[in-house]
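Asks: Pasting a structure here, questions to come.
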Amino acid sequence: MAGSTPTVSEYITHHLTNLTFGKLPEGFERADGTIIGDGGAWVMAHGGAEASVMGFNAIHVDSMSWSIGLGIVFCWLFRSVAKKAETGVPSGVVNLVEMVVGFVDNTVKDTFHGQNRLIAPLALTVFVWVLLMNLMDLVPIDLVPKILQLVAGVHFQKIVPSTDPNITLGMALGVFILMLYYSIKVKGFGFVKELTMTPFNHWAFIPVNLFMEVVGLLAKPFSLGLRLFGNLYAGEMIFILIAALFSAGALWMVPAGLLQIAWGIFHLLVIPLQAFIFMVLTIVYLSMAHEDH
Amino acid sequence: MPELIYVAAAIMMGLGGLGAAIGVGLLGGKLIEGSARQPELAPKLQVTFFLGAGLVDAIPIIGVGIAMYLIFVVAG
């Protein structure tokens, strides 16, 4: 996007590129002709090609800052409401927060049958945080990137953290670590027995059982992260495509606007639903970790 | 052969939509059956229905997203 009008595929690729900060190897020639000196350099990437050269030594600055920022918003909002809460009839934002807390509390009581004081706060955090990250999908896609480009000269910006697989799989990895921790803590040696002796309870089937159980265990966090990522990525992709319709001429403006509204309304269903599913599956997986046979 | 990308996208969307449609159809039918048999359970069943529909829905939506990416970015 160097001033000239981009084609549709350039526009889409531009919107799907993260703002990446990472280390370029020495001798690499950048887009503006400069060559990286000895020992490499830590810089902001200009485009996908530089980001892929960075490999593992890179961080998506936009995803990290938006997700951590939304996490801070969540903590601040719920803390300020918790300090204001009293026994009278609640109103406004207090009412909303009490509804969310009550809803999550009921879901946890219905789904989780073990004894653990961590699960309900964890479920609340997961639900509200994922919901806030997904809600960024409803912000008009060009608004924030364009403002940042004009004001601060930042070229790439993806404001929906849950369209970044690193964020969703990172959250799923956190759930996976908790699953392993509680499996070992609650079941002890029973966890090893569960991995080796089910579904065929015979010593000759240990390799088969182990393979099946380990695949089943690893598939849980993987599908958890990919489900959230895939839904939001596909939604964002279609928002971008509809936005690209506006470049097709004045005739297309009204249909494109209507499509944008229709897809936005559909997303009002998808966004809380995916946050809810992420939360419920987190509780279910942790509940399974607590079940001792 | 870039034309095959369009065929791939069409198969992806078509089969994904077919499977999910059957799945959601079964789910909705069973929800109606269940709540006709025991109307007092209807709100509880509805929550479970939406959870199941969300799980089933994910696959075709992901398929549509990947298909759109193939059509407009890889082939375009």
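A Cβ is built for glycine as well, from the same backbone N, Cα and C atoms used for every other residue.
Sharing the feature lines straight out of TrEMBL:
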TRANSMEM  B:6-28  transmembrane segment
DOMAIN    B:8-70  domain 'V-ATPase proteolipid subunit C-like'
TRANSMEM  B:49-75  transmembrane segment
SITE      B:D57  site 'Reversibly protonated during proton transport'
Asks: Provide the three-state DSSP residue tally for the domain 'V-ATPase proteolipid subunit C-like' (B:8-70): helix first, then strand, then coil.
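Replies: Each residue of the domain 'V-ATPase proteolipid subunit C-like' (B:8-70) counted once, the result is 62 helix, 0 strand, 1 coil.
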Asks: Are there any residues in the same chain, six or more apart in sequence, whose C-beta is under 8 angstroms from the C-beta of B:D57 (site 'Reversibly protonated during proton transport'), and if so which?
Replies: B:A20, B:V24
